[in-house]
Amino acid sequence: MQQLLTTSLAGLTLGMVYAAFALALVLIWRSTRIVNFAQAPMAMITTYIALLIVDAGIPYWIGFVAALLSGLVLGAIIERVFIRPVEGKPEMNAIILTLGLFVVINAVAAIVFGSHYRSFPVPFGLRGFEVGDVTVALTGFDVFSICSVVVVMMLLLALFRYTDVGLKMRASAFNQEVSRMLGVKVTGMLTLGWALAAVVGSLSGLLIAGGDLVYPSYMDSVVVYGFVAAVLGGLDSPVGAVIGGLLLGLGLSVVSGYVGSELVPLAALSILIVVLLVRPSGLFSHATARRV
Amino acid sequence: MKSWTKRMTPIVGLVTVGALVTACGAGGRPSGGGDAAAVSAPETGITETSVTIGATFPLTGVAAPGYSEIPTGTQAYFDYVNAAGGVHGRQIDYIVRDDGYNPTTTSQVTNEFVFKDGVFAMLSALGTPTHRAVVDFLNGEKVPDLLVASGSRQWGDDPEAKPYTFGWQPDYEIEGKIIGQWVAENMPDAKVGLFLQDDDLGEDSERGLRPYIEDQIVEVQRYTSGNTDVAPQITALEAAGADLVLGFNVPSYTALSQLAAMKLNYDPQWFYANIGSDPALIGSLLSNFSKGAVAATNPLDGALTTEYMPGVDATDNAWVKLWQKVWDEHGEAGELTNYRIFGMSAAYTFVQALQAAGENPTREGIVDALEKMGGAAANPSLAPYRYSVDSHLGISGMRIVEINDGASDPLTPVLVTDLGDSPIEEDGSAADDGPPASGIPESAG
């Protein structure tokens with residue numbers, strides 16, 4: 001019983017990190033219609049910025065905020081400098097470009113930050129809570145992770161559903177030409193989409209790094225699992241991304257604990273294939289009918 | 001007829017060129033067997049003034065913490081020897097390349113060592129999966145593959161199949177045997193959980209352990225190198241009620257398993273195999289996490305491990321004094337660490353073998369020298385080597401220690417054994433020997 005509880009809780013926290021990453025993918029997808037594979041190394045860079053700040057003796061939360069802000073700036077810069085030239089061309093061009101950025105940023109980070117393992121501090125304790133005799137295998141930081149992902153999801157939901165900016169972002173992604181005619185500043189919206197997505201990506205980088213080892217490619221597995229989570233939930237839906245992340249985290253944790261850790265990547269890919277076969281648009285997507 | 005000659009001309013040309021190239025290749029690499037040839041045409045990688053050797057290490061990636069320090073120790077010792085005039089007047093030229101603990105990269109950089117740099121030998125190439133990718137290639141090319149830095153038994157258990165390869169540290173199987181016997185005798189009531197890396201490291205050690213503690217094992221969990229989420233594995237060990245966890249894992253996984261256990265409030269007796277147990281490294285990885293909260297005491301305090309060479313904490317040991325002197329004179333930035341001592345000890349053994357191989361060393365000569373050196377030579381580890389014509393396995397034993405304040409307290413004398421059924425015996429023969437005054441092995445051989 002304790003094992004099931006602990007395995008599930010471990011899956012829950014892990015799932016939340018995947019969810020945060022999937023949210024960033026969803027955000028970019030909704031605002032630009034491309035999948036950004038460079039999300040992982042971008043988040044890695046901002047996490048290193050936080051680590052440098054914290055290692056310099058400055059409080060954790062200042063590093064945390066600095067990472068999110070630098071994510072905002074980095075996202076905007078990457079959109080302006082690298083993505084802008086391929087906008088309006090086939091979507092595949094932009095996707096391949098993000099793959100290229102993935103490799104380049106990883107390599108540059110190894111040169112700038114060094115490729116050795118560093119431990120990333122957490123602002124709360126590392127021990128799990130104890131309730132009576134039962135250990136609830138959640139640390140303070142795990143609770144923080146779960147809460148912050150839920151909050152971000154709500155904010156995104158509100159942004160797209162209730163605000164003018166959100167509507168404009170969706171419109172620019174959906175049909176640039178028409179949006180422009182209606183007076184939407186499409187380029188500005190695209191930059192904003194990238195910047196916001198990079199903030200959410202940075203958050204996921206910080207959440208997975210906390211209390212773990214950080215090295216330039218530490219986000220590489222998250223990009224795979226985050227992508228599976230996003231596809232699972234339907235690339236269009238923030239709620240879907242979070243639920244997809246949770247299901248995936250729980251599933252992989254159970255596979256790792258009860259079957260064998262060597263089967264985790266295989267399980268993730270099986271889930272991806274099954275979802276693509278059975279519901280190609282994801283469990284929570286309802287856009288297919290309209291998109292034809 | 002005309003068209004036939006036309007067609008044949010390029011073919012004949014190709015064959016001729018091919019034959020020429022082969023001939024040149026053969027000429028460039030002397031057979032090394034005949035003494036006359038060895039004297040007139042020096043061996044590959046050897047000149048009048050230098051010996052070039054190569055090594056592959058994970059300088060980046062999952063296995064880099066700790067292990068990437070090993071070549072800095074080796075380099076410092078070679079600088080020390082070179083400053084004293086080298087070996088038979090030759091300077092040792094030591095080239096290290098990063099393989100990122102990725103076997104594909106290991107193959108690629110080993111090819112470069114053999115074909116581009118023309119190294120005399122490989123020294124202390126690190127890692128089981130990585131070195132497995134190149135061991136047949138090196139033996140095929142007849143490149144001495146000395147003191148492989150991995151405890152897999154495959155480097156030395158069959159010298160006929162791999163005549164040029166030599167192991168170095170005690171293999172995981174004898175480590176498993178020694179740990180298994182100690183647990184059976186000293187903690188007969190413990191419920192044992194195994195935390196194993198899913199490769200030779202886990203398999204060999206489990207084979208050594210099983211005969212002694214078969215009925216004490218309550219759970220076996222394996223992790224896949226690269227998957228850093230070990231919470232499910234540690235949870236399963238806890239669920240099975242294990243109160244003694246034997247971990248055969250690399251250092252970063254010691255840190256990860258400790259983190260996972262902290263989260264679960266799981267507090268068994270930990271027993272890490274030598275390769276994953278460096279207290280200084282694990283302590284520094286773990287203490288950073290909470291900015292001091294874990295640092296008050298070393299998180300590995302009270303954990304058990306094994307030791308087969310004196311570590312930095314043994315400041316009175318004659319070998320450690322030598323290593324400290326070498327590091328102060330020739331080391332790069334940073335402190336002397338156990339990993340650097342490991343690198344220096346292997347470098348010492350290489351110099352020992354190179355001295356014994358004589359004025360004009362050949363590849364076969366150094367293999368013979370190591371086989372003849374056997375257990376007799378003074379060596380920086382606690383137990384004698386096992387090198388002989390029938391075995392290329394390295395150090396024959398270790399002692400069990402408890403980690404306290406980051407230092408190790410011996411719980412047993414040095415215990416030596418060999419593969420399979422061979423008995424475990426106490427051995428003090430190599431525990432107290434010291435280095436020669438010069439710090440460089442004498443050339444008597």
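Cβ coordinates come from backbone N, Cα and C, glycine included.
What TrEMBL annotates here:
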- A:6-27: transmembrane segment (TRANSMEM)
- A:34-54: transmembrane segment (TRANSMEM)
- A:60-82: transmembrane segment (TRANSMEM)
- A:94-114: transmembrane segment (TRANSMEM)
- A:134-160: transmembrane segment (TRANSMEM)
- A:189-209: transmembrane segment (TRANSMEM)
- A:215-232: transmembrane segment (TRANSMEM)
- A:239-260: transmembrane segment (TRANSMEM)
- A:266-284: transmembrane segment (TRANSMEM)
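For the transmembrane segment (A:215-232), the partner stretch with the highest count of Cβ pairs under 8 angstroms, out of A:6-27, A:94-114, A:189-209, is A:6-27. Of the candidate ranges A:6-27, A:94-114, A:134-160, A:189-209, A:239-260, A:189-209 has the most C-beta pairs within less than 8 angstroms of the transmembrane segment (A:60-82). With a threshold of 8 Å between CB atoms, the same-chain residues lying at least 6 positions outside the transmembrane segment (A:134-160) that come near it are 2, 5-6, 9-10, 12-13, 16-17, 19-20, 23, 26-27, 30, 122-128, 166-167, 169-170, 200, 203, 207, 210-211, 238-239, 241-242, 245. Listed as Cβ neighbours of the transmembrane segment (A:189-209) (distance under 8 Å, sequence separation of 6 or more from its ends, same chain) are residues 16-17, 20-21, 23-25, 27-28, 30-32, 36, 39-40, 42-44, 46-47, 50-51, 64, 67-68, 70-76, 78-80, 83, 87, 120, 145, 148-149, 152, 156, 165, 168-169, 171-173, 179, 218-219, 222, 226. Simply put, out of A:34-54, A:94-114, A:239-260, A:239-260 has the most Cβ pairs sitting under 8 Å from the transmembrane segment (A:6-27).
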